[in-house]
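Engineer: Pasting a structure here, questions to come.
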Amino acid sequence: MSDQPPRTVTTNPTDGTSAKPDSTGSPAPQAPASDGAPAPGHDHELLTGLTNPLPESQPRRPGVDRITFGTTAAIALGFVVWGFVGTSSLSTASSSALDWVMTNAGWSFVLMASMFVVFVLWLAASKYGEIPLGSDREEPEFSTRSWIAMMFSAGMGIGLMFYGTAEPLSHYIAPPPRSGVTGQQPEAVQIAMATTLFHWSLHPWAIYAVVGVAIAYSTFRKGRSQLISSVFAPLLGRHRATGPIGRVIDILAIFATLFGSAASLGLGALQIGAGLELNGWAAGVTAPLLVGIIAVLTVCFIASAVSGIARGVEMLSNVNMVLALLLAVFVFLVGPTLFILDLPPNALGSYADQLARMAARSDASGLEPMKAWLSSWTVFYWAWWISWTPFVGMFIARISRGRTIRQFVTGVLLVPSLVSLVWFAIFGGAAIDAQRTHQDMASSVDGVLTVDTNASLFQLLNHYPFAGVTTVLVMILVAIFFVSGADAASIVMGTLSEYGTIEPTRKTVVFWGAATGAVAAVMLLAGSIAGDMKEALNGLQSMTIVSALPFGIVMAALCVALVKDLRTDPVVRRADLATRLVNEAVVKGITDNGHDDLEIVVRPVGEPDPEPTRTRVWDRLIKTYTRS
């Protein structure tokens, strides 16, 4: 080994400059490259795009997009007229369409949902996770607490109220086909909680995250308009994304949003109607009662929507989170507390153990019984989440400006999943315990125990003190949960109808709000059989599944467009450049000086280097600094 001090090669990954060692081992002085000019000795193409470019000056035309709005409005009005004039024919058509989708495309929902989970986890763990959804040093617009509250409320609020007791109880009494478990046995508790978490944790929020991160990146990082079609600019080209193909994408997004929010409104109406009936305030759940409830809720969420995001959505989200917390604490304290505490670890273990099997359920694994079960549960849920993605994705994108992709995915996946775990442990656990103790949470229909999903939460609360107060609180919560989500939906449909404007005109928002209420009424009426409103849920489920399929295909293509966009991001290009320069320096240093007489120093531009950190080449411990 030589007695001379090892020679040093200094490389600067930020501007691409490098200095050859002089005879003493110190780097030769070199003037920094001028702003915007490529560093000497490196390709201009490689150095292009190292800083966050100015937002694309994509023009935003004022007013309504007559083609997008006119097409969707005409079809929506035609659907409503068909539903009220020919209810039976619409019911027959929706049943036939559901049968076709389940037979020929049910597998696509199963595959897409799991694919989206893998995709967003890969995004967060990859080099793309460091990319901010905004400029490089932009701070988040909302506090973390408000961000979580708005995200949770918009995404799943009304669903948790409707299915919080009904789903775990249903799977406990009648486990999924081919699960190998008998209903109402100890093993059925694990199956019930695992299946419920499968439907309400990673998969739904991964579906939301796909659209949310794509819109946030396209809007706040690239400066494009807030349209689903704008995300496809790197895949289709800017002109096609704003042309006929782009309009078709936005039309499909509007329809998915319309039917998804209408399904939620229908669920809320069914649950409020059941509460009114059980409290003796209504003789029964009839069509006029449900239509009246829908009308009242529609007026409420239109009023909230036109008040704006800050005054409307954030205030309602915070209010209903407090009310929901109070209800959950009450049930936890007066219910089977120890049993509830035992459920979360048991549920997580069962979920992890059975995740692959649950994700692979399809018609092939059970023929007709499995097909019917999937259309009522898993496929319905995946379709429902997909139909919510245009407005939930756009909404959580709007409130996530300034966060990195990794922060976004982590928050969107983990926080609501944990909330769902706690919620279902409390309400599902209490319902299962009530059934084991009292045997009155399900009724026999044609010799088969059946859970009344509309009334199960009220039935549970009747076992505890202050039932009159808590049942009223539930109806208020259902109304607020829906309003806080549906006003976001009407704003988003207005945005998609007006060239991506952040604040659509009130008349457009009001139109889509009224259309949502009308479509919800039609979906309920079409699902009822001979006036039996207890079967109205069938109409909501079948039409949601059918309407979500086209947008599911759009989402799959959106993943491709997003990755193509991310590959050219300045954060990625800077990291790639830094890696290349270090590798070149190592190769050149070893070639010129050998292993024993060389050390590598890597530091940012302009940083003084009195005592640089030196790393032997053969140790391969090189730390690269990049300027963000």
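Note that Cβ sites are derived from N, Cα and C of the backbone, with glycine treated the same way.
Under the heading region 'Disordered', TrEMBL lists 1-65. The annotation compositional bias 'Polar residues' is assigned in TrEMBL to 1-27. Positions annotated as transmembrane segment by TrEMBL: 67-85, 105-125, 146-166, 202-220, 248-269, 289-310, 322-341, 379-397, 409-432, 466-488, 509-530, 542-563.
Can you walk me through where each of these features ends up in the structure?
Structural biologist: Cβ atoms under 8 Å from those of the transmembrane segment (67-85) belong to residues 247, 250-251, 254-255, 258, 496-498, 508, 511, 515, 518-519, 521-523, 525-526 of the same chain, restricted to positions at least 6 beyond its ends.
Beyond its flanks by at least six residues, the transmembrane segment (202-220) meets 113-114, 116-117, 119-121, 123, 131, 133-134, 138, 155-156, 226, 228, 230-231, 233, 359, 381-382, 385-386, 388-390, 392-394, 396-398, 400-402, 405, 408-409, 412-413, 416-417, 555, 558-559, 561-562, 565-566 of its own chain at Cβ-Cβ distances under 8 Å.
Non-local neighbours of the transmembrane segment (379-397) in the same chain are 102, 106, 109-110, 112-113, 133, 150-151, 154-155, 159, 199, 203-204, 207-216, 219-220, 226, 228, 253-254, 256-257, 259-261, 263-264, 313, 412, 485, 488-489, 491-493, 495-496, 541, 544-545, 547-549, 551-552, 555; each lies 6+ residues outside the stretch with a CB under 8 Å from one of its CB atoms.
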Engineer: Under 8 Å between C-beta atoms and at least six residues away from its ends: which parts of the chain pack against the transmembrane segment (322-341)?
Structural biologist: 157, 160, 422-423, 425-427, 429-430, 433, 460-461, 464-466, 470, 473-474, 476-477, 480-481
Engineer: Let me check one thing: do the transmembrane segment (409-432) and the transmembrane segment (105-125) come into contact, meaning three or more Cβ pairs under 8 Å with sequence separation of at least 6?
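Structural biologist: These two stretches do touch.
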Engineer: Given pairs 6 or more apart, does the transmembrane segment (105-125) have at least three Cβ pairs under 8 Å with the transmembrane segment (509-530)?
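Structural biologist: Counting Cβ pairs under 8 Å, fewer than 3, so no.
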Engineer: Could you give the residue numbers and ranges of same-chain residues that sit at least 6 residues beyond the transmembrane segment (542-563) on either side and whose C-beta is under 8 angstroms from one of its C-beta atoms?
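Structural biologist: Distal contacts: 94-95, 97-98, 101-102, 105, 108-109, 112, 115-116, 119, 207, 210-211, 213-214, 217, 228, 231-236, 249, 252-253, 255-256, 258-260, 263, 375, 379-380, 382-384, 386-387, 389-390, 523, 526-527.
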Engineer: Can you name the far-off residues of the same chain, 6+ from the ends of the transmembrane segment (509-530), with a Cβ under 8 Å from a Cβ of it?
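Structural biologist: Same-chain contacts beyond the flanks: 73, 76-77, 79-80, 82-84, 87, 90-91, 94, 258-259, 261-263, 265-266, 269-270, 287, 290-291, 294-295, 297-298, 301-302, 305-306, 486-487, 489-491, 493-494, 497, 536-543.
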